[in-house]
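So that you can see what the record holds, here are the features copied from Swiss-Prot:
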DOMAIN    2-234  domain 'ABC transporter'
BINDING   GLY34, PRO35, SER36, GLY37, SER38, GLY39, LYS40, THR41  ATP binding site
Amino acid sequence: MLELHRVSKSFNGRTVLSDIHLTLENSRRTAIVGPSGSGKTTLLRLIAGFETPDTGVITLNGQTLCDNGFSVPAHQRRIGYVPQDGALFPHLCIADNIAFGLKGSKAEKQKRVDELMALVSLPTHLQKHSPHEISGGQQQRVALARALAQRPALMLLDEPFSALDTGLRAATRKAVMDVLQQANVASILVTHDQGEALSFADRVVVMREGQLSQSGSPWALYHQPNSEDIATFLGETLILNAQIDGGKADCLLGRIAVDRPTANGRVRIMLRPEQITIQDTEITSTAHMRATIRNVEFSGFVSTLTLRIHNAEADVIELKTVSHAAFIVGQQVSLSVNGAAHVFSQ
């Protein structure tokens, strides 16, 4: 269990982290997500022992790592660290990179290297290759194997997939998840990629301006964010004014269900694009609302539609939808809402 209590950090008089409270107990994979400058990498460096907090206490499995000026050195914390670029030693071969820091006889080290190469699914013939002779995805697997060599209690991943192209990023992320699960090592991933955080973790922590804004399961954060800022940060969204009465909300899209039917009065509600079905009016005659397409931005799998809602004065909305039909400007469409809209707390 990792615990942070009242942790703060400043650099040159500028506060980077402020009064951080965080407990990671049951979660095996945690993602800390936030925009650039939110303090997430600094938080990771404090946990790793590369920096010392100005105030606060950090403990791991009951051991105090830092408190009131006292700090356990990074190499004694049993914490693995994989940086963004892998940081492999260019003058060492793959096997020597993985074995770096291992104690024991040459045979014992080689046995451990063989085990780790198999664990991260790297062929044995790469052991004598130099880092520049293998792909970016393979380099990240070597960095992970090197971090696992010391049998850490916790693995820290500092945006390790950001330098990879899209297809390789997803494949490498899945491979890393599988390896960490097989090794039974808890992990914390720092990323600015919302989709990466939601798909990697079973607990997500959102950071904004040096503070923790919200934490919970990926599903809860995506569907029930605490604020409009978090809602828009975590994915495409449609936020509307609404009036709740009788357990339902009257809004631009008609009368729809909400996740807080006990709320009353004027509120702000949120829908995700996948909750809204868009169909040609010739296909269906039943819908909450009708609209005219004003603009279409096609980008392959997804199209962004600008819609003018009928019976509403100058109300125009933008929606992303799967490009299952060839939408055209001027087309009349019907809109229907699936599931409940999320009601923001006032």
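Each Cβ is built from the backbone N, Cα and C atoms, and glycine gets one as well.
Other C-beta atoms found within 10 angstroms of the C-beta of GLY39 (ATP binding site) number 22, with every protein chain shown included. Surrounding the centroid of the Cβ atoms of GLY34, PRO35, SER36, GLY37, SER38, GLY39, LYS40, THR41, where the record places ATP, the chain contributes additional residues within 8 Å, namely HIS192, MET207. In this view, the densest Cβ surroundings among the binding-site residues GLY34, PRO35, GLY37 belong to GLY34, judged by other Cβ atoms lying within 10 Å. Long-range neighbours of SER36 (ATP binding site) (same chain, six or more residues apart, CB within less than 8 Å of its CB): HIS192.
Across the domain 'ABC transporter' (2-234), the prediction's mean pLDDT works out to 91. In sequence order, ILE32, VAL33, GLY34, VAL190, HIS192, MET207 constitute the residues six or more apart from LYS40 (ATP binding site) in its chain with CB-CB distances below 8 Å.
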